[in-house]
Amino acid sequence: MKTCMRLRSRSFIEQARWRWTDWKSAENGRMEKKLALPCAVALLLYLNTFDADFAYDDSRAIQKNQDLLPQTPVWNLFLDDFWGTPLTHSGSHKSYRPLCVLSFRLNYYLDGLNPRGYHIGNVLLHVAVTGLYTYFAKCFLRRTFPTILAGLLFATHPIHTEAVAGVVGRADVGASLFFLLAFLCYQRFCKYRDKSWQFCNPEDDTQSRKWLSMFLVAIFTASSMLTKEQGVTVLAVCAVYDMFIQHRMRVCDLSLVLSVKKYRSLLEGLALLTAIGGCLVSFRIYLMGSKPPEFAPADNPASDSDSFLTRTLTFFYLPVVNLWLLICPSILSFDWSMESIPLVESLADHRNILTAGFYAALAVTTSQIVKNLNQQGKQDAKPSAANGNGFSHHWGSSSHYTSHSKQTVAYKRHRLARRNSSSSTDSSDDNQNIKTTTTNRTLNVLIISMATMIFPFIPATNIFFYVGFVIAERVLYLPSMGFCMLVAEGAYLLHKKIKNKGQRRAMHLLLVVLLLAFSARTVLRNEDWKTEERLYKSGISVNPAKAWGNLANIYNSQNRVDEAEQAYTAALQHRGNMADVHYNLGILLQEQKRYKDAIISYQNAIKFRPRLSLAHLNLGIVYGILGRNDDAAKVYRHCAELDITGLKDPKLHEGTKISALYNLGRLYAEQEKYQEAIDVYLEAIRRRPSHYAPQSLFNMLGEAYLKQGSFSQAEHWYQEALASKPDHIPAHLTMARLWHKRNQVSEAEKWFQKAFALDDKDVSIYQHYSQFLSDIGRHGEAADMYKKATELTPDDFELVFNAANALRQAQRNTEAEQYYRKAAHLRPKSASAHMNLGAMLHFNGKLGDAENSYLQALELKPDDELTRTNLRKLRNLMQTKGNPSKRAGNRR
């Protein structure tokens, strides 16, 4: 009778288990369809980024990155950092992300620098990550409600806008994709490993599947790290999962891993993870040259503080700010450097209370996890001892897989275990296992969520090395996965606890409002990322110095000069030691011909950054414009000898040094010191880095030889310029001048025609060809060429003035008068323009108008003898014709 009852009891439990399995399979089928919802939402929210432009860091990482160009060998991507600088260079950023750069190169191959393709790529990648993350969350949340909620929170969270809407954020999104793939492969590895350890004679394909899974773990982890460095932290998350979820290890048993038999399978996984991590981290350190990167103090002010207390308090406080951005992403910024987060300089700072509360909560959470793991370990030990089988309860209790096949395997294992156990415990064992599995779900979620939040964030904490930012929103893309899962699990537990339908509805309404608020903030923030102007305006409240400085550059590029100057001034009012802003202000002032003010700005830039090569170069140019040739020569030479070791963007600085020599050579040539110019040009050619285009140097060297009378040398260097760049128009023009000097007019004209064939819209060709025609006496054709040039650039005073002279020489006086009038209108403060207009009017018999023009010229240049002579002649003529000047008392 007892046996019969026992069999019935077992049959009832087995039937219940199979019904649970069948129901669970149906539930999973319904869930699979719902997993598409977060993906659809992610796509919908970021559709408005498709027509966005490049912004902020995109300029250097994409638009100016030589590694994207087809002529750059693909292998260079694996030798350079994220910004295209060789990793071995002292000024390298040390950010090694070749797979991300490779994806940019693919975009460039498909559609050049059209930003649309880059943004579409980012959004599709984000949609893929959202889908994969939702599946990842399902593995632990195991219920439709929290799983879909976690996916929707991830899809809508505004903290992701920088990573998705900013093209360079692809590194974070791509690394997250490989991160998830690596973790899911490790889950598969654990399944096949545990199966092979449980059965003495495993199926033939179990071992191969196990090792294939681990191979994929290594591949995806490496891919994640090569997309962005923090991807390697997936190995730590895998280790935590294996120890505390898969094996239910107590923290106090960590020291027993090497000695206790039941942990041998765990030891296998940990050993492989350690080996993979060791190889990858060693490779990464080797690429860095065993030296951490160096950053400007403004990028991370705390790292530059002399006070240990300030550094410690600030670095402890920053994770609190990052967590708050996840909780309440209402204030977002493109840049959090400089004083965006004031330093915590004393213990009396009230922010230390937040820091203490944060770490206290973290400690309490950790202690609760440890406590629950220890209690669970004690419970797990009882049935293991009763069964006399070290594997029986271990595999049952650690099984958390949701698929039908996995549950079936778990059930079979229990049946095998029961054959050696007392039948009186069968029912209680099964019930206890089901209860334990349900209870442990929340603990599993808490463990994996905390691991996913903490480990990927560790590289940004300044613990191991200083980073080049205070806060970076895109760095939170990966840690937000754990955060979203925690929130979803908390909402689910609250949902289960609330029994009142009205309260449940209110809770659901609040969640809908939260998702709608996140969605709206994401869409609006995407609008900020559409243009740099909007992006920088949005950051003024957080980082005014950086925002105003960048906004000024945008205004300047749009020729909104007054607004640009005001913005530069505003930036310097917030932070007066920004060398870049002083330099950019100097450029603006130089373009306005406010040379004295420009000199002051360049000198300030050099004061705050003595090795800013561009400031030295432009200072020399301004000195040259003002005729301070000795000062200009000294500045050019000093610029050419600058030590650029450790500077960011070394290609720019190296090129600037060669440009300084180029300008020094031109300065000597203008002073007719042709031999000195030749020596400088040759020095520049010897020192020229491979990325510096040489054609201009070759051409100017040829020009110096031409003026020195060395025609053969001149031709040689002109040919070198053409060999370097066959479509280099200045070389065509100088070759034409060379043949003109040799009195071979037809050959010279051929070179002009070749230049026109290259670009018939280039004004310089018309200008040089017009001068050539004038020199050989073909004044009518010269005049026509000048007229065509003025059609291309109607507001160019020099061209209009030269066109008037050419028309006068061609005796087309009426047209010449029109062009002289236009020249005087374009430059009303030019005495020569008014004088020449007066002479033309004088010649055309418009004596009164001529007198007015002469008088205007004399007001601008009172001592010009030629104008005074012409005015006397005019008034004598007017007197002779009986029409004496009414203003004869003026300017005699």
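For all residues, glycine too, the Cβ spot is worked out from N, Cα and C.
Since the structure is predicted, the reported quantities are computational estimates derived from the model, not experimental observations.
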Among 35-54, 475-494, find the range that TrEMBL records as transmembrane segment.
475-494
Could you give the residue numbers and ranges of same-chain residues that sit at least 6 residues beyond the repeat 'TPR' (831-864) on either side and whose C-beta is under 8 angstroms from one of its C-beta atoms?
797, 801, 804-805, 808, 813-814, 816-817, 820-821, 823-824, 870-871, 873-875, 877-878, 881, 883, 885, 887, 890-891
If I count Cβ-Cβ pairs under 8 A between the transmembrane segment (308-332) and each of 173-190, 266-287, 445-469, which range comes out on top?
445-469
Reduced to three DSSP states, the repeat 'TPR' (831-864) has 27 helix, 0 strand, 7 coil
Are there residues at least six beyond either end of the transmembrane segment (445-469) with Cβ under 8 Å to its Cβ atoms? List them, or say none.
93, 140-141, 179, 229-230, 233-234, 236-237, 240-241, 244-245, 292-293, 295-296, 299-300, 302-303, 315, 318-319, 322, 336-337, 365-366, 369, 475-476, 478-479, 481-483, 485-486, 489
Using a Cβ-Cβ cut-off of under 8 Å, list the residues of the same chain that are 6+ residues beyond the ends of the transmembrane segment (173-190) and lie near it.
99-100, 103, 122, 125-126, 128-129, 132-133, 135-136, 139, 163-164, 209-210, 213-214, 216-217, 220-221, 223-225, 227-228, 230-231, 233-235, 237-238, 241-242, 246, 269, 273, 456, 477-478, 481
Mean per-residue pLDDT computed across the repeat 'TPR' (831-864)
87
